[in-house]
Every structure is written in C-alpha cells, then in structure tokens.
Amino acid sequence: MSCSQNKTSVSLAWRECISIASVLIGAYASYKYYKLFKTRDIPRPKEGVEELIGNTPLVKIRSLTKATGVNIYAKLELCNPAGSAKDRVALNIIKTAEELGELVRGEPGWVFEGTSGSTGISIAVVCNALGYRAHISLPDDTSLEKLALLESLGATVNKVKPASIVDPNQYVNAAKKACNELKKSGNGIRAVFADQFENEANWKVHYQTTGPEIAHQTKGNIDAFIAGCGTGGTITGVAKFLKERAKIPCHVVLADPQGSGFYNRVNYGVMYDYVEKEGTRRRHQVDTIVEGIGLNRITHNFHMGEKFIDESIRVNDNQAIRMAKYLSVNDGLFVGSSTAINAVAAIQVAKTLPHGSNIVIIACDSGSRHLSKFWKEAKEIDHDVSLEEVINI
C-alpha cells in the first residue's frame, strides 16, 4: 500500500471515529437532558387556574420530628392557588352544580355561600376562573385580611352579626336566603347555594384527591392522620379513604379548638343527637381566636366520617398561638390558626407512638390571612419560645 493510500485510510478512520464520538456524545447529552427533566417531573402547562388545585406537597416538619423522634409531616394545602384546602371543595361544588345543570359555563351564574373561613376566598377565585360571580355572607368579625381579599377578588360581601345557626340572620342562613331571592326574581340568572357544611361534594373531593395523595406520598406508611373539623369534609374524606379504601390502619385524630363541641362528641358522644343537627338549641359562636375549625353542631359531612375518627384532642388558644410562632421561627412555616392547632395535637399523638412512626397533619392556610387577629397575638410571643412552653400552657 502506498504512503498516500495509507494516509487516506487513516484520515477516513479518524473521521469515522469523530462521527461515532459525535453520535455518542449527542446520545449521551439527549439521555442526560431526558433524565434531568424526567427526574424533575416538570408539570405540563395548565388550561386554567382551576387545574392547579390539588397535588399539594408533603413536607417534614423538622423541628417537631427532631423533638419527638416521630416523623411529622404537613400536607401543604396552603399551596393551592387560592391558598387553602377549600380550593378543592369550591371547585368540586361548582363542577357538581355544572353536572346537574344548575350552572352552565358561559352563562351568567352566581354561587352563594356562608363562611367564616377560607371557603369564600376559594369560591371567589374559582368563580372568577370559570366565569361566575361569588356572593359571600360572613360574620362581621372575620379577619380584615379575608374581607379585603374577598372584596379585591370582586365578590359581593354581606357582613352579618355572629349568631347561632337557628338565627335566620346567621351567615349560612343569610347566604341561603340571598340565593333563594335571586332564584325567585325571575331574571333567568342561575344561582347555587354552595352549602359546604351539608354538601357531599365537600367530603367526596377529599376522598377522591387529598386522601389518595397522602397515601401515595407516604407510600401507605402512615400511623396517624390529624385534622381540624369545621364542615367535617377534610377529616371525613381523608379518613374514609385511608381506612376504608386504602385499608391503612392509621389513628385518626380530630384536633379541636377551645369552645368547640367535637372534642366531647368524639371522645364521649355527648355533643347532641344527629337528629338535632338543624339546630333546635340556641348556641353561641365558638369562643376562640381560631378561624375555620370548631363547631357546636353536627354537619352531614362530619356525620359521614364520624365512625372513622378515633380520638379528639383539645387545644387552647395559647397553645395554638405559641405553636404558630414556634413553627415560624424553627421551620420557616408561616401558618394559620387551624394548622397550629393540628401541630399541637401532633406533639401529643407523637408521645403515644413508637420511634420512627409517621404522622401527617393538614396545613390548611397561611398566616398571612390571620395577621389582624391570630398573628396579632402570635407575633408578640418570644422568639425563643420552647416546645415545652407550647405544650404546657
């Protein structure tokens, strides 16, 4: 073989090597790119805000885990687009109304609700996303942040004096009355009373979404689940799914604020009979700084899951206030009043469980909605508040 032929062969071989190397490098780069984005599991684009609801993160509360030797996790419902677990409820109530023909997408429609918590905000956001209007009746002592947010969202707000459920002017009754008046007006505008306390769309959405998410995120390894109870939808839906559907033998605990009747109902069965749920007895509003949970009557949503609740733990306002400050300082979790209640209960439950057990609590909403009431007091708590101080108040 001549020298020139030899050089040509070497040149061709070298080019082939370069080509093969380029292909391999490209393939490797493509593989790494694929693995990077597959691992990160970046979600697809959403068609609207309503599609962002659900699939909320589960995060370990490191300070409480370290203090107890039990893994304590918070299901961050505050990460929903309108900021609370009530986003799920609002969306499911409205979608159910659409399925029944009570609301029609693209046509004028109003959603009425009576709420002292975050449900009104969730309804306002979902209504705006789907083309409806929101009318919210609430106690006139509702936190200023929630009032301002509702008004900023364009909801019609009807403030009423706090009253017993048997009072026709109580906020739930006021919402139902306003809805009926619009229906009777004859102007053809559709109107729906959300009725979160009695509407089964409430507990069902937690059975269909929140419960399965928790089971998946914990791989079914959950020893205790803790939630407060206002309407009863969250604790019923999640507990019913975990115990009945997933067959997970976890201990379900209802965390109850001072002044609420669920503690006695769950532990001693003495609130009052289910047949009296419509409120034949006059009762005052639950006496607590906590918003969104606690009640002195039995709702349909609570009734549907009562048999799945094993225990109730009562938490007072001082414990809740201190726990909120503790979580903010030690974990960077700026939470609302009901989440603080759940966290206090988690510490109590952790004492009864073996080392390394898993507890999940619901983190309902952010402290930003409680600045003028709950956090007005919580911010005054000493920065170095200890867990012992929280529990022993």
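Cβ coordinates come from backbone N, Cα and C, glycine included.
Listed by Swiss-Prot as binding pyridoxal 5'-phosphate are GLY230, THR231, GLY232, GLY233, THR234; the candidate from SER122, SER328, SER337, SER338 that the record includes in that site is SER338. Around the Cβ of GLY233 (pyridoxal 5'-phosphate binding site), 34 further Cβ atoms fall within 10 Å across all displayed protein chains. Proximity to LYS86 (N6-(pyridoxal phosphate)lysine), defined by a C-alpha to C-alpha distance within 10 angstroms, is shown by the following binding-site residues from GLY230, GLY232, THR234, SER338: THR234. Within 10 Å of its Cβ, the residue among the binding-site residues THR231, THR234, SER338 with the fewest other Cβ atoms is THR231.
Using a 10 Å radius centred on the Cβ of GLY230 (pyridoxal 5'-phosphate binding site) and all shown protein chains, the other Cβ atoms total 31. A Cβ within 8 Å of the Cβ centre of GLY230, THR231, GLY232, GLY233, THR234, SER338, the residues given for pyridoxal 5'-phosphate, is found for these other residues of the same chain: ALA85, ASN202, ALA227, GLY228, CYS229, ILE235, GLY292, ILE293, ASN301, PHE302.
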